[in-house]
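Record features, source TrEMBL:
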type: DOMAIN; residues: 52-101; note: domain 'Copper amine oxidase N2-terminal'
type: DOMAIN; residues: 320-735; note: domain 'Copper amine oxidase catalytic'
type: MOD_RES; residues: Y482; note: 2',4',5'-topaquinone
type: ACT_SITE; residues: Y482; note: active site, schiff-base intermediate with substrate
Amino acid sequence: MADIAPLSQTIIATATSTMSPDGNSSTFSAVPSTATGVETLKPGQTSASFKHPLDPLSAEEIPVVSLAVRQHIATKTEIKAIKFITCTLLPPPKKVVLAYLGIPLGPGEKPEAPTKIVRRAEVDFLDVLNGRAYNSVLSLNDETASWEVNTFTLLEEHFHPQISVEELIACEVVVKNNPIIQKLAADVGVLPEQIFCDGWSIGYDDRFPQKRRVQQALVYARFSEHDNLYAHPMDFIPVIDANSEELLGVDFPPHWIRAEDGSVKLSTYSTAPPPLAADALAASKRERIPPPRKAWDFLPDLMAETEEGGYKPRTDLKPLHVVQPEGVSFKMDGHVLEWQNWKMHIAFTHREGIALSTITYNDHGEIRPIMYRLSLAEMVVPYGAPEYPHPRKFAFDSGEYGMGTMANELSLGCDCLGQIHYLPGAFVAHDGSAMVIKNVICIHEEDAGVLWKHSDYRPNGRSQTVRRRRLVISMVCTLANYEYIWNYHFYQDGSIEFEVRLTGILSVYLSKDGEPNPFGTTVAPNINGHYHQHMFSVRVDPMIDGLKNTVIESDIVPLDAQTGSKDNFAGNAFYSKDTTVEVESGRKYDFATERRWRIVNKNKQHYSSGKDVGYTIGVKGGATPMMAKADGWAARRAAFLKNTLWVCRDEEGEDSGTVRMWPAGKYVPQTKEEPEDSVGSWVEGKKNVVNEDLLVYVTVGTTHIPRPEDWPVMPVEHLTVSFKPNSFFKANPSMDVPGSKDPLSVPAFNDAATGTKDSCCH
């Protein structure tokens, strides 16, 4: 078996101090953490053992890995101060993991012999003094029981790792304390202590050198302690250097005006930015605008104070409980879950949040692989207002901030109902310690309606009803104003569903009384909700009965033969036209043909249909075209938006797993063109993808034209991507799910009919 020992045996607890080459204490230091509200673990603590080669770095491992990096820096470099940005597991090669788990590489094959697995970590950090970014790869040495630095790389100066939670918090502190900002706020009646802001990546702005680590700040006023600050947007947007904490500039967006002829035009002549040296306010050709003062609260106690006419919660809503008197139907062994023939590994990552791996299904005793890995690899939110600086509102919420680092601590009975199992998550702080979210991933079961049903309508006919149960693996993250709820659903019929639920508060800007808003909705007086899109890239590493897979594109089309002809007399014929995706490429969804794709294994066919075993990808409810221009910033930075589906070969590193992870590139902040390590570049090779180890990237999204009903907090909207078996199983795999009558179901009213006397399920 693979050589994976418990961490309690393989990690040496060492002191946090480091020594310079001359034996004296090093002057090296790490920037201390500024985040609050999370558990912090220091180096030297021992680790619990890990059971699976894909288990994420634990809260005990992270500070030990960071300590090894600090020791290397102190003894072998001239770097004096750093801040850690990421510290994550570098997974082993795919075939090594499958051999360890005993999963064969193809139908009819035996698993490969397991080999030694080396545990590796990858770290990104910044030199605080000059702002340069570094990447380091480490491995756990079994003989010395310590982490060793294998590579130590200075990145090109335009590469920036993701923005940390601590940098976002620091951005607000810098803005609040800057005398220029305080003066600008005072000019519109806002006190220094009332200034708040959300730090965003600068996105794209040629006025600032790409080598500087730059944030823009969306500024709001807060007039009481827990006031909804988004109700009070301010009329300027500062830009800061996240390393030096300098104020680099302040932008004043121009506003829209209605001309005498009724047309709408901008207060200035162009949507382009003014020169950085120009007077930004004068360039906008408008007056200062005070923030709206009306409160739009969402906390019940504050609504009771600020709502016109008072706030009264509904009193006619009765309790609804999720009860499982015999406990849950799933089993957990560390990060490995088993439920209703499904088995998978669940990991937390700082960038994706949830990552599911080695997904298999027990088909009457045969363990059949379906996916090697499934995750949300990237998302981007391009806004549609063209006047500068609003086009910079173009957030890569995964690559720039990290879904995991922005995740919520989930509350029992609020975020998930019923009997819940939680998994923790850990990521690195600036000082190298571990920041822990105890209840970050929620696992539970839900009733999901009817699984299948049929009634024989004839006299004395019988019926059968089977309820559908689904397993839910979920997390919630807050990215400034927005909340995203990620749900992975597994069903008893062999289906998988990825669901995104969107809620939270709109990103808004202020407007003057009567100002037209051609690229937004005035959701409340003086509050403009800009049009925008939420676009997601779902990364699928398929393993349909093995690693050698192929993608088939299917269009549902009418038969060409004319109505009345011998081949189509009634004019009703239509069929599925299949096209094999033969080379690496991007594919677009076609609404006219209800295009769908299925991932198949051409080395195994269904006993009856004769088709290759496979899974169909369903995007009908989520396929959304990119609204930005094909040569615009959005398309240049996020090429994955250009197509609904991308197919490319997987490629792995020499001693590690895939090197094709991130569809918009590994280092996303401040990119200006499509990176070389992105999906648009990967498909340029046009390599064969028939019967190969593939990656599939699915682009889905929603276009948000805000409504007043989305204010002050947006009710949940959702979209899904489905993966359904297609000639994979012999027949409906859920035929063995028993029908059962719920003994706790009762009539709603005493005088109501109680239904049939016999069981409703039989």
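The backbone N, Cα and C atoms fix where each Cβ goes, glycine too.
All annotation found in TrEMBL is predicted automatically rather than curated by experts.
Averaged across the domain 'Copper amine oxidase catalytic' (320-735), the predicted model reaches a pLDDT of 96.
Taken residue by residue with DSSP, Y482 (2',4',5'-topaquinone) is part of a strand. In terms of DSSP secondary structure, the domain 'Copper amine oxidase N2-terminal' (52-101) contains 24 helix, 10 strand, 16 coil.
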